[in-house]
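Notes for the one structure printed next.
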Amino acid sequence: MAKEKFERKKPHVNIGTIGHVDHGKTTLTAAITAVLAKQGKAQARAYDQIDAAPEERERGITISTSHVEYETDNRHYAHVDCPGHADYVKNMITGAAQMDGAILVVSAADGPMPQTREHILLSRQVGVPYIVVFLNKCDMVDDEELLELVEMEVRDLLSEYDFPGDEVPVIKGSALKALEGDPQWEEKIIELMNAVDEYIPTPQREIDKPFMMPIEDVFSITGRGTVATGRVERGTLKVGDAVEIVGLADEPKSTTVTGVEMFRKLLDQAEAGDNIGALLRGVSRDEVERGQVLAKPGSITPHTKFKAQVYVLTKEEGGRHTPFFSNYRPQFYFRTTDVTGIITLPEGVEMVMPGDNVEMTVELIAPIAIEEGTKFSIREGGRTVGAGSVSEIIE
């Protein structure tokens, strides 16, 4: 059978199910595909298919993730679901599955549980911008007042982590009953998808963001000048554009791009995803190096101190065998280069064990172009021992 061509007629949005173990995340994922399949907008995926998530490697970390896709009238969705709690932590921190919004699944019979809280915190820390709530297992709760109580608890919890708890859509349903084809509960899945359609905005596409390219290599062409090469991470670049070289120096350096080429051919415009060489006017070979970024002027600034949410690899994942303490000095790998940094643990945290997920403050010995949400690896002697996401810039 010929492969269907991927038609991009609708805006694309990345979402995922989050929440406590056994509250019904995977059942809900299956129910969404089943209900939308009846409208011809998805392929129904059985619970077992989703639950048997394949292992993937992201930054040297093994993560099990299931990917399903489906459509609504307005959009095309890519949806991630993880079998285990640790997979969520790793997924969100490494950015393996960048979510534009999440469906928080809470069992109405149990109310918010520890991982409910942890997933909300993680969403806040790694920059998941919007959350829609699905109160699951409502068929098991006869008491309307109890449902309202659980809803209030969830809203309060969201507000506690700076999500707009009062405005977040909360849909009461039963994923299992919907999956079994009960029309009353299928309706709730449609209601949920309408809420996701309306409440989670279409994300800005990478190509529409301000230009940035991490520099991978630099060389000089006699008589023409200095060329920086790399893969455009976001935005577009045209000949004649002003750019800044940011990072590894206290002040960004301004220059103009006098040529853009790709596969040795000259290009009018490079865009997100292209591997290019950019010819830089008036820049000598020693003024630009791997680890810096080329960026639209003023769009990103160099920093040395920040807070980050970090997942520390277990020894089975090839990480450390022993804990580390404040003042630990590993290498922080941002995009294309390592920079040494000093870690300060939060008050009351004595040490960090392999397998932990922790917030920490980092001070780099050289400034790097970073912003909230920038991902990095922590390395020690060339091996990855942690993965992190910048949650707050300090200086």
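Residue positions begin at 1 at the first shown residue.
For all residues, glycine too, the Cβ spot is worked out from N, Cα and C.
The region 'G3' annotation in Swiss-Prot falls on one of the ranges 81-84, 221-224, 313-316, 337-340, namely 81-84. As annotated in Swiss-Prot, region 'G2' covers the listed stretch 60-64 rather than the other ranges in 60-64, 270-274, 345-349. Of the listed segments 3-10, 19-26, 203-210, Swiss-Prot assigns region 'G1' to 19-26. Counted with DSSP, the region 'G1' (19-26) comes out as 2 helix, 1 strand, 5 coil. For the recorded site, Cys82 (GTP binding site), the DSSP three-state label reads coil. A distance of 8 Å separates the Cα atom of Thr26 (Mg(2+) binding site) from that of Cys82 (GTP binding site).
Counting only same-chain residues at least 6 apart in sequence, those with a Cβ under 8 Å from the Cβ of Cys138 (GTP binding site) are Ala108, Leu147, Lys172, Gly173, Ser174. The DSSP breakdown of the region 'G4' (136-139), given as helix, strand and coil counts, is 2 helix, 1 strand, 1 coil. The Cβ of Gly19 (GTP binding site) lies under 8 Å from the Cβ of Lys25, Leu104, Val105, Val106, Gln115, Thr116, His119, each of which sits 6+ residues away along the same chain. When other Cβ atoms within 10 Å of the Cβ of His85 (GTP binding site) are tallied across all protein chains shown, the result is 15.
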